[in-house]
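Undergrad: The following feature annotations were taken from Swiss-Prot:
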| type | residues | note |
| --- | --- | --- |
| REGION | 1-231 | region 'Pyrophosphorylase' |
| BINDING | 20, 78, 83, 84, 105, 106, 107, 142, 156, 229, 343, 361, 376, 387 | UDP-N-acetyl-alpha-D-glucosamine binding site |
| BINDING | 107, 229 | Mg(2+) binding site |
| REGION | 232-252 | region 'Linker' |
| REGION | 253-464 | region 'N-acetyltransferase' |
| ACT_SITE | 373 | active site, proton acceptor |
| BINDING | 390, 396, 397, 415, 433, 450 | acetyl-CoA binding site |
């Protein structure tokens, strides 16, 4: 089986330089949603028909999921763009004669693989199967014209008679059929219609004339066949998607303070008794352990947060690729925020405290370590029970290379210190507040590295 995705349209009503199919829904391009769904159908190949912004569209989806899913992603271009039938004609040289073809639209992102499997089953090996739906207001859609219960044709809005425009069953833009018949029917298309285009929907009348059964698989879920032609439609579909995700999470036992104020732009996996406050955004792959609490207005990307951890409001967690060394890990019982920032490579152990306006990047903090206020830890290895003072930073970059700072167990760093890497502070050592430390320090020592305090009596400030 081959899957053909039409993605050539300009999307004039989007009023954007970005090709329509590359606008984002739930953090992924519209077209990527469709490609990812096609990946679940055991297809031999996916053929994407591009046109407007072809190079940009092709670059955006090339290499995504195809090889790992066991099929190829190929591109053909529709230039000029002379209608949906003309678009699919461009894919003909890549289609096998002995297989089935599923035709999808790149701007209909929420079609589900299960629905497509039902459509494919309805087509069997010898039928033309159309995915249809009833709309109270069918304006703009091709109408399904029947004689009795038998589908006879699809009539586009501009070509429909007043009687046909009263029909509420419409074509979704999705079909499944044998490749051999598709090729034959595409060769018979003409432009004798109100728009002067080659309509893919005209193949229905050819199927009827040739005695090929035409079946309509009707669904009720309008979000699955909703297209995106404007920012208004995109926003509406985004809300529909997020509402569905929120419902699924709540059915799994997640406590959402307000399901209407949640955004999941990837995969969110939650254990038992997780609670999420309002206006939180989850991107990439995020895993929340049992009893995790997420405060309001947090943004969390590619992170694993262990049981009992609390992420206070306005915390940003910015992990790298899932499964890589740059993914963020937060240990059990950790307390993060408010207003904390965990960047790629932050690995926090059990009961670690990261407080307000603390930034951690590419650093490992062992059990019980604390940095509670106004601090930076970059490229650092922090031992158990370390206390890192307010206003302190690791100076990890020399202008060309990054260097590591090691704080061994039970170290105490006073406020407003600068630790210039590479540097090791020995176990149990203390660094006095305001110190700039450039050399390794021995275990258990107090290190003070600051200018001597001088008070000048009767000092008079300059005046104009």
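These residue numbers are counts, starting from 1, taken along the chain as shown.
Including glycine, each Cβ sits where the backbone N, Cα and C put it.
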Undergrad: Round to the nearest Å and give the CA-to-CA distance linking residue 433 (acetyl-CoA binding site) with residue 20 (UDP-N-acetyl-alpha-D-glucosamine binding site).
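TA: Given the Cα positions, residue 433 (acetyl-CoA binding site) is 56 Å from residue 20 (UDP-N-acetyl-alpha-D-glucosamine binding site).
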Undergrad: What is the number of residues in the region 'Linker' (232-252) that are helix, strand and coil, as DSSP sees it?
TA: 20 helix, 0 strand, 1 coil
Undergrad: With a 10 Å radius around each C-beta, find which of these binding-site residues (107, 156) has the fewest other C-beta atoms nearby.
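TA: So among 107, 156, the binding-site residues given, the one with the fewest Cβ atoms within 10 Å is 156.
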Undergrad: Would you mind listing, in sequence order, the residues at least six apart from residue 397 (acetyl-CoA binding site) in the same chain with a Cβ closer than 8 Å to its Cβ?
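TA: Counting only residues 6 or more apart in sequence, the Cβ neighbours of residue 397 (acetyl-CoA binding site) under 8 Å are 378, 403.
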Undergrad: Neighbour count first, Cβ atoms within 10 Å, every protein chain included; then name which of 83, 433 tops the list of binding-site residues.
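TA: That would be 83, with the highest Cβ count within 10 Å.
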Undergrad: Please tell me which one of the binding-site residues listed here (390, 396, 415) sits closest to residue 107 (UDP-N-acetyl-alpha-D-glucosamine binding site), measuring Cα to Cα?
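TA: Answer for the nearest of the binding-site residues: 396.
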Undergrad: Tell me the Cβ contacts of residue 376 (UDP-N-acetyl-alpha-D-glucosamine binding site) under 8 Å, same chain only and six or more apart in sequence, or just say none.
TA: 358, 359, 392, 393, 394
Undergrad: For residue 415 (acetyl-CoA binding site) and the residue listed as 'active site, proton acceptor', determine the Cα separation and express it in whole Å.
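TA: Answer for this pair: 9 Å between alpha carbons.
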Undergrad: Taking Cα atoms as reference points, rank the binding-site residues 229, 390, 396 by distance from residue 83 (UDP-N-acetyl-alpha-D-glucosamine binding site) and give the first.
TA: 229
Undergrad: At a 10 A cut-off on CB-CB distances, which of the recorded positions 343, 373 has the highest count?
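TA: Checking each of 343, 373, the winner is 343.
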Undergrad: Averaged over the region 'N-acetyltransferase' (253-464), what pLDDT does the predicted model reach?
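TA: Taking every residue in the region 'N-acetyltransferase' (253-464) and averaging pLDDT yields 97.
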Undergrad: Reported as an integer number of Å, what is the Cα distance between residue 20 (UDP-N-acetyl-alpha-D-glucosamine binding site) and residue 373 (active site, proton acceptor)?
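TA: The Cα atom of residue 20 (UDP-N-acetyl-alpha-D-glucosamine binding site) is 45 Å away from the Cα atom of residue 373 (active site, proton acceptor).
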Undergrad: Over the residue list 390, 396, 397, 415, 433, 450, recorded for acetyl-CoA, what is the maximum interresidue Cα distance in Å?
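TA: Max Cα-Cα spread across the acetyl-CoA binders: 22 Å.
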Undergrad: Please report the Cα separation of residue 390 (acetyl-CoA binding site) and residue 229 (Mg(2+) binding site) in Å, rounded to an integer.
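TA: So the alpha carbons of residue 390 (acetyl-CoA binding site) and residue 229 (Mg(2+) binding site) sit roughly 51 Å from each other.
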Undergrad: How would DSSP class residue 20 (UDP-N-acetyl-alpha-D-glucosamine binding site) in three states?
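TA: The residue in question, residue 20 (UDP-N-acetyl-alpha-D-glucosamine binding site), is helix (DSSP, three-state).
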Undergrad: Among all the protein chains here, how many other CB atoms are within 10 A of the CB of residue 229 (Mg(2+) binding site)?
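TA: For residue 229 (Mg(2+) binding site), the count of other Cβ atoms within 10 Å is 16.
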